[in-house]
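Please read the structure below before turning to the comments.
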Amino acid sequence: MSSTAVAPPACLRRPLVVPRRFMFGPGPSNVPPRILEAGANPILGHMHPEIFEIMSDIKSGIQYLFQTKNSMTLALTGTGHTAMECAIFNAVEAGESVLTAVNGIWGERAADMAERIGARVNTIVAPPGGCFSLEEIEKALSKHRPVLFFLTHGESSTGVLHPLDGIGDLCHKYNCLFLVDSVASMGGAPLCMDKQGIDILYTGSQKVLNAPPGTAPISFSDRACQKIFNRKTKPVSFFLDLSWLANYWGCDGKPSRVYHHTGPISAFYSLRESLCILAEEGLENSWERHRKVAEYFHDGLENMGLKLFVTEKSARLPTVTTIVAPPGYDWKEITAYIMKTYNLEISGGLGPSVGLVLRVGLMGCNSSKANVDMVLTALKNALKHCHKSRV
């Protein structure tokens, strides 16, 4: 008689079959063969010297990507949410004041995370598609005196690219750290961490970088480290404790590294290759390519009679475009038709933009005029074939 009560699942007797698909939603993006091949390299131990060398390469690549000289620069094991929690959990202690700018879902998430660790959270709120003025931000900083101010650079739920110039100086005027989420914008829109006075900056691997989801580049200024390493209490998360992570990534100047967690070795290979590809193209060239492709796409949409959700051109995120949901149509039917007919993913809204928009992401290798033409054709045919109400 068998000692196992649960039989081997029949589904695992079948080979894995994954369709090829055009990933033109807000992420993840398509992963080019070169990055997939890098991830297929042999596994090594997470404490082997060869892996430490690869981690050092990744650190240098992130410093270039972020335009920073911060020594405390690394890649977290996890997605952008992991980086958001790492930043907040390390920089904030219970009872401290946090200010979050909410003009989409990511400000809402940051406020939620800060509340969970006992911070006193205040928000400034703009309608979906909107931005904040320097005057509005300074007024809130002066009123609430936060230790941390959170802002999303590329708000993928609404398609907004928020201006950053001057905000870092305001934060430092009020002895506040400036935390920026650049998951949807990094590599696709101009951002310079050191020049713009950003204290904590993070992104994700699966957008413009075109690496598989699962690693999150992050960097901390000396100013941020000064606060973090002089905490009165330990961070609430052991896994995200920067003192441990700094040692694992060789950022703390200590002669040896101590085991903290098993790093995602294959993901490190992929992330290194994605940073290599970006360095080969050049950051400014990548910014310009995304800008030109986005403008080409926006012109095509308006020529079709579709409206862009973000009315101010300078505030449009070049990596993720939000299109006003066509009146009379069910957005779910449009996205389903395009998926079925073209094997192409676009999505509806997220958080405050649900039901209001369609979202198209053209990031990294997907940012090309040929792909724009493909999306425009798919949208045009979807509007012909999908049901439109008379109302």
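Note that Cβ sites are derived from N, Cα and C of the backbone, with glycine treated the same way.
Record features, source TrEMBL:
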type	residues	note
BINDING	ARG359	substrate binding site
DOMAIN	43-373	domain 'Aminotransferase class V'
MOD_RES	LYS207	N6-(pyridoxal phosphate)lysine
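Note on the domain 'Aminotransferase class V' (43-373): mean pLDDT across this stretch is 97.
Spacing of the residue listed as 'substrate binding site' relative to LYS207 (N6-(pyridoxal phosphate)lysine) is 14 Å (Cα to Cα, whole number). Other Cβ atoms within 10 Å of the Cβ of ARG359 (substrate binding site), summed over all protein chains shown, number 26. Around the Cβ of LYS207 (N6-(pyridoxal phosphate)lysine), the same chain contributes GLY27, PRO28, SER29, VAL183, ALA184, MET186, GLY187, GLY188, THR319, GLY361, MET363, GLY364, each under 8 angstroms and 6 or more positions distant in sequence.
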